[in-house]
Each structure stands twice: as C-alpha cells, then as structure tokens.
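Enquirer: Just passing along the structure, written as structure tokens.
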Amino acid sequence: MRTATYFFIFLNLSLALFEEPAVYPLPFLATSVLEVLCLLVFLGRLTHFAKVTLHNVFWKDTKNICIMVAILLSLTDLAIYGVLRLYDVRSIRWSRIMRPIFLINFAESRQIRRAFRSIRNTLPEITYVFLLFMFSLLMFSLMALKLFGERNLQTAEGLPYFSNYLEIVFDLYVLVTTANSPDVMMPAFDFSSWYALFFIAFVIINTYIFMSLFLAVVYNNYKKHLKVMPGGACD
C-alpha cells in the first residue's frame, strides 16, 4: 500500500510536466484520465484508512480533511476546465498547486510532514532578520537614487540608469546574489571610480553579512524545531 501510494503521488505530481503549457504536452484526455485515476486511488486509500481507524479519531485528524478537500477541489476544477475547453474558453487549472498536499498529508509521509512543520514553525522566527534585510535593501536603493538618479547616466543598452526607485530595488536585490555583478555598477564606475565604494559597501553588508546571518538563523531555528518536534499526536 505504501509503495502504491507513493507511486500515484509521484504520477500525480509528474502530470505538471505534460499538461498545458508544457514542452511535451499530452492530450487533455490522457492527462485528465491519469489525474482521475490518481484521485480515485487517493480516495480509496483514505477510505481504507477510515475502515481501520476509529470514527472520532479519523474525523479529528486534519490530514484526512485536507486530503478530502483537495480531492473534491481537484475533481471540481478538472470538470470545470473540461467543460470550458469544450466551448473553446481558456482557463487556468488552479488546483495544480494543491497536489503537494497529497505528498505531505498521507500517513506514509511522516518524515516529510515533520520537515514541512519545522519549516512552517521556523518562518515566523526569521521574519525579523528578513525585515531588517529588506530595510537595508530599501535604504541602499534610496541612496542609489539620490547618487545616480540626477546624473543622466545610461546603461550599455542606452536605458536610463538608476532613475526609477522600484527598478533600483530589483537591481540591487539581484546584486545580492551577484548575478548581475559587475554589469549593474559599470555605468556608475565609468562616471567616477569612487562610486565603486557604494557597491562594495552594499555587497559586504547585504551579501556577506546579511545572507550569512539569514542562513544561520534559518539553520539554527530549523534544527531547534526538528529536535523538539513531538513524535506522536500530530503525526
């Protein structure tokens, strides 16, 4: 049963590779039949679990409720999408984002569920570090706007350089990953080599300090929640 459950979960998740839009799309009938088959297997697995579990225990378990809701919503979305397709009306399969619910909530996925719960419990505790990082990013973006916005600089493509605040925020956010380094700083560097100090300070503070601090906070809190995770009631 465990092997069959994992196989159909994997099959259900893999359908996203072949559903429109996809590089190698399969006919809608093929993907819909496979999805219905997977949902029927999940429903049968849930029914089997209900037969061997006390009635009160089964209905108090939120995992079972999540699975049932996901099955009903997936079937509803599939039916609506199929009807609209018959009338050549384009729509979006919004229920696709619910497919990982089956991977997380089945009883066989205890370890995945523990990891997911640890991540969920870690998120509130890293919010302060993230907000501090965003504040630093916004302040550096404002400084960049004041330094370069009125100098009529241009990028290599001939576009205005650091004249729009939101675009500056995005460019500096990418610079944290060093993906656009050193291209993003070259117009300012060509104007004056002293402006390199601004980007050096930005990279040191946000890439080397904040990213290291962010990683340390995430790791320590995740490890803490993983160690204190109860082994019984919620699993």
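One is the number of the first residue shown, and numbering goes on along the chain from there.
Each residue, glycine too, has its Cβ placed from N, Cα and C.
All TrEMBL annotations are machine predictions without curation.
Note that the structure is predicted; figures quoted are calculated from it, not measured.
Here's the feature list from TrEMBL:
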- 6-224: domain 'Ion transport' (DOMAIN)
- 1-16: signal peptide (SIGNAL)
- 26-44: transmembrane segment (TRANSMEM)
- 65-84: transmembrane segment (TRANSMEM)
- 126-147: transmembrane segment (TRANSMEM)
- 159-176: transmembrane segment (TRANSMEM)
- 196-219: transmembrane segment (TRANSMEM)
Enquirer: Looking at the stretches 26-44, 65-84, 126-147, 159-176, which one shares the most CB pairs under 8 Å with the transmembrane segment (196-219)?
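Expert: By Cβ pairs under 8 Å, 126-147 leads among 26-44, 65-84, 126-147, 159-176.
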Enquirer: Looking only at the domain 'Ion transport' (6-224), what is the mean pLDDT?
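Expert: Over the domain 'Ion transport' (6-224), the predicted model scores a mean pLDDT of 88.
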Enquirer: Who are the chain neighbours of the transmembrane segment (159-176) in space, where the CB to CB distance is under 8 Å and they lie at least 6 residues beyond its ends?
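Expert: Counting only partners 6 or more residues beyond its ends, the transmembrane segment (159-176) has Cβ contacts under 8 Å with 137-138, 140-142, 144-145, 147-149, 152-153, 184-185, 187-188, 199, 202-203, 206-207, 210-211.
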Enquirer: Are there residues at least 6 beyond the ends of the transmembrane segment (65-84) whose Cβ is under 8 Å from a Cβ of it, and what are they?
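Expert: Distant contacts of the transmembrane segment (65-84): 28, 32, 35-36, 39, 42-43, 46, 59, 90-91, 93-95, 98-99, 101-102, 105-106.
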